[in-house]
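Have a look at the structure below before the remarks.
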Amino acid sequence: MNLLDKLNFPEDLKKLNEEDYKVLSSEIRKFLIDSVSKTGGHLASNLGVVELTLSLFKAFSFDKDKIVWDVGHQSYIYKILTGRKEGFKKLRKYDGISGFPKRNESKYDYFDTGHSSTSISAALGIARARDLKKEKYNVISVIGDGALTGGMAIEALNDVGFRKTKLIIILNDNQMSISTNVGGLSRYLNKLRIAPVYNKLKTDIHASLDNSNLGKNIAGKISKVKDSIKQLIVPSMFFENMGVKYIGPIDGHDIDAMTEVFIKAKEINEPVIIHILTQKGKGYALAEESPSKYHAVGAFNLESGESNASPKNSYSKAFGKALVNLGAQDEKIVAITAAMPEGTGLKCFSQKFRDRFFDVGIAEEHAVTLAAGMASNGLKPVFAVYSTFLQRAFDQVLHDVCIQNLPVVFAIDRAGIVGEDGETHQGINDLSYLSMIPNIHIVVPKCLEEVDVLLKWAINKNAPVAIRYPKGGNIIDTLSPIKEVVEGQWEIVNRGSKVCIIATGRMVQHAMIAKEFLYEKGLNPTVINATFVKPIDKKLLENIKKEGYNILTIEDNIIKGGLGSAVKDYLSEIDYKGTIRSLGYDDEFIPQGNVEILYKTYKLDYENISKIVMKLYD
């Protein structure tokens, strides 16, 4: 039995000596690599915070102290040592433990996270509640250097420093978010890595002055110019100028050094930020060499590092290829990402058209208004973003793009169910919140071969357009892409009788699988591809009414405000008397799990579609 096998809860760690912690660090890394290679998950970021997490357990008592992990994907070690080690067999699986902190999972998880840059705000709220209730415990925010580039984190720092609330902020600096960090704040942190020269000089000066009478007499005068000296040696005092005491940088793989600083930080009655330097992917050579590749992985082969899933084309790749081709034809096309060039398929564009590629860091709000400014001055911006992250910029989409009717294209990746990352990452709301905004058009490819023709139409529309597509690739490869895009016109994929299935996006593929199943039973429903969710095809709906069809709408989105709502609203206007059913998600959050399992659970699989269609034939 190894050491890790004997440890389950924080109190178990109190018995360990210095050598034990070194052994434990190695065992945890092995456990992580073995476990994540089977289940998939966030690997590189967790490998980088092993010693940091152990130091937190040494310095704090999480039966009373409270910690908020920014994003939360780096909380695996914390979970392992708070009673959830066995749960890693079902990490990110349906009914298994989450890959992010969850209050309903453990008493040690104090705040749910999943999106970036929220931890300082949340921790500050917890700390201020503590103070108002006159309670005594420490509140810690752990935030990465990538997340610190997010505007919300800077807003929170501004508030922290103004009121001087006692709060410990740990900056986990691995020079990465998902991809390499960008921007002015990232450059600033690079400069801070040489700041120990200032700290050593300050210590030497104080020691010299304290050892002489003259020094003691002039110490007060020296302190008046201390800040000026500090500014000369450290390029910027960003944190301290905001009212937050800065300590660091500190080796993020030295448990003793971090523990000592954390213990001292507990005695500081004002906000403090502790700058920790870590290596993303530490302990697994392949992840050290390619931390972005191993940031989030599916199940993989330990020796080769290659994914166990068979490689196939994806919507992200199809989008990236299409944008490169269009960019070669039109120099006005520019691409924008919020720190995710690889995940959104923009890597190739960034290499081929460096001057027309803009990575703004974790800053979706800024990205959208940047795109609006570009569009107002004659460019054709395409902002590639995951569905779950676009919702962070809702106001900018409405206020800065759509009110002015500016030609910005939103390439919405990971739309619909994404699976294992759970509630915080499912992309099931975009059709609803975008449909309510005037001026915007929403198009959805039924297969990845349609991405290029719809993207070309979107870029040339001269109005706001959202093109929405899911994670992964095709389910079936028998569908022919549309050749021409006509605004607001839907495609009849299969002509049948009595029942009409109106589906959008990947759900068209589900509908066609169901159609084949039904055909064997002597039923032949019409299947319509709702290429446009906004505007809808009113003429076709009027024809469906005249022909007396019953209708089933299907979407990988919440039903309220989506395709089903739009169809029902219009049919009500034209006094439709038939039966209409809608499939999608009800008023709830969708948990983690395999995509196919989730589709089946929420009745979006072909078997359930077939059952509903058969009832509509009765």
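Using the three backbone atoms N, Cα and C, a Cβ is placed for every residue, glycine included.
Around the Cβ of His73 (thiamine diphosphate binding site), a 10 Å sphere holds 24 further Cβ atoms from the protein chains shown. Among the features that Swiss-Prot reports, thiamine diphosphate binding site is placed at His73, Gly114, His115, Ser116, Gly146, Ala147, Asn174, Tyr284, Glu364.
The Mg(2+) binding site feature in Swiss-Prot is assigned to Asp145, Asn174; the stated evidence is sequence analysis. If you take the C-beta of Asn174 (thiamine diphosphate binding site) and look for same-chain residues 6 or more apart in sequence within under 8 angstroms, you find Ser45, Gly48, Gly144, Asp145, Gly252, Leu277, Thr278, Gln279, Lys280, Pro291.
Here His115 (thiamine diphosphate binding site) comes close to Val71, Thr388, Phe389, Arg392, Thr424: these same-chain residues lie at least six apart in sequence, with C-beta atoms under 8 angstroms from its C-beta.
For the thiamine diphosphate site, whose binding residues are given in the record as His73, Gly114, His115, Ser116, Gly146, Ala147, Asn174, Tyr284, Glu364, the maximum C-alpha distance rounds to 32 Å. In the three-state DSSP scheme, Glu364 (thiamine diphosphate binding site) falls into the helix class. Counted within 10 Å of its Cβ, the other Cβ atoms near Asp145 (Mg(2+) binding site) come to 24, all protein chains included. Here the Cβ of Glu364 (thiamine diphosphate binding site) has 28 other Cβ atoms within 10 Å, regardless of which shown protein chain they belong to.
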